[in-house]
Amino acid sequence: MDYSKVLQEIKEEIATFKNTGKVATYIPELGKVDPSKFGVYLQCTDGSGYGLGDALDRFSIQSISKVLSLSLALKLKGKEVWKRIGVEPSGDPFNSLVQLEYEKGIPRNPFINAGALVVADILISELKNPKEELLQFVRDIAEDQTIDYDENVAASEMKHKFRNASLTHLMKDFGNINNNVDEVLDFYFHQCSIAMNCKQLTQAFTIFLNYGKYDLSKEAAVLDTMLAKRINALMLTCGFYDESGEFAFSVGLPGKSGVGGGIVALHPKYYSVAVWSPPLNENGNSELGMKVLELLTTKTEISVF
Ligand SMILES: NC(=O)CC[C@H](N)C(=O)O
């Protein structure tokens, strides 16, 4: 497959794309990002890699981090995690409170905010230096020790914490949060603030390729086959919140989006791919990012289906 030709064709096709999306402003620091930024990186299992546009600019990975924190929690706690979080799509926005009340503080899945907040609580209980150790895990799997938190983004989100604070308080009332609420929020906002570029993201997500056995030299990162399979299944069914069905329908790959405008997706056998374009559609997913990935699987005729 000539991926560089495919990416070039996509670039030409999207030149006339009318983007109706809006950059997220509910975290004011994210609102400062240039909406015209656009990058793609594709990392293939044969070792080749292809970049386009601003593929090396770092941005706030936001909810993409939920896949990485979950991976670490599952490595540490295994199946125990599923006593506190479900594995079903929520059919609701990422920050919705309603289901949590009905379902007694057990989040539907680990990729909505409530689920990621429980994962954060688990990591705080399990790790001696939670923020340092999560960051180290991300640096190791991306094989880049320069990756860091963006303290401005984390502080900006803490200042506007009200909805995430409500979710955490409600779950604490149901007994599903063990640590101090502000400590959980501080950890969660830091994980969301991690700044990475498309290339680093595709590298980090190689841990889900080849049944978790893509690169056995990344010892700290290797997931067992069952875990890689399960996390890919969750990305496919829950990675885009209310739009997970649409993403499976039009793209057909496991993936995860973030309100920083990034999307990472992967084909378990062939590649991981990251796209970044800040304007979001009304479900909080990058509008152009979704289009690019749709074109990628359409043109290559490769998807998990
Ligand atoms: N969908 C997202 O990327 C949301 C993450 C963001 N930090 C929030 O909690 O609102």
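Placement of Cβ uses the backbone N, Cα and C atoms for every residue, glycine included.
Unlike curated records, TrEMBL annotations are generated automatically.
In sequence order, Ile27, Glu29, Asn164, Phe189, Cys192, Ser193 make up the list of same-chain residues 6 or more apart from Glu157 (substrate binding site) whose Cβ falls under 8 Å from its Cβ. The feature substrate binding site is assigned by TrEMBL to Ser63, Asn113, Glu157, Asn164, Tyr188, Tyr241, Val259.
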| message | Let me make sure I understand the span of the substrate site: among Ser63, Asn113, Glu157, Asn164, Tyr188, Tyr241, Val259, what is the greatest distance between any two Cα atoms, in Å? | response | 20
| Out of Ser63, Tyr188, Tyr241, which binding-site residues lie by ligand 1, with a C-beta less than 6 Å from some atom of it? | Ser63
| request: Specify the secondary structure state of Val259 (substrate binding site) as given by DSSP, simplified to three classes. | output: coil
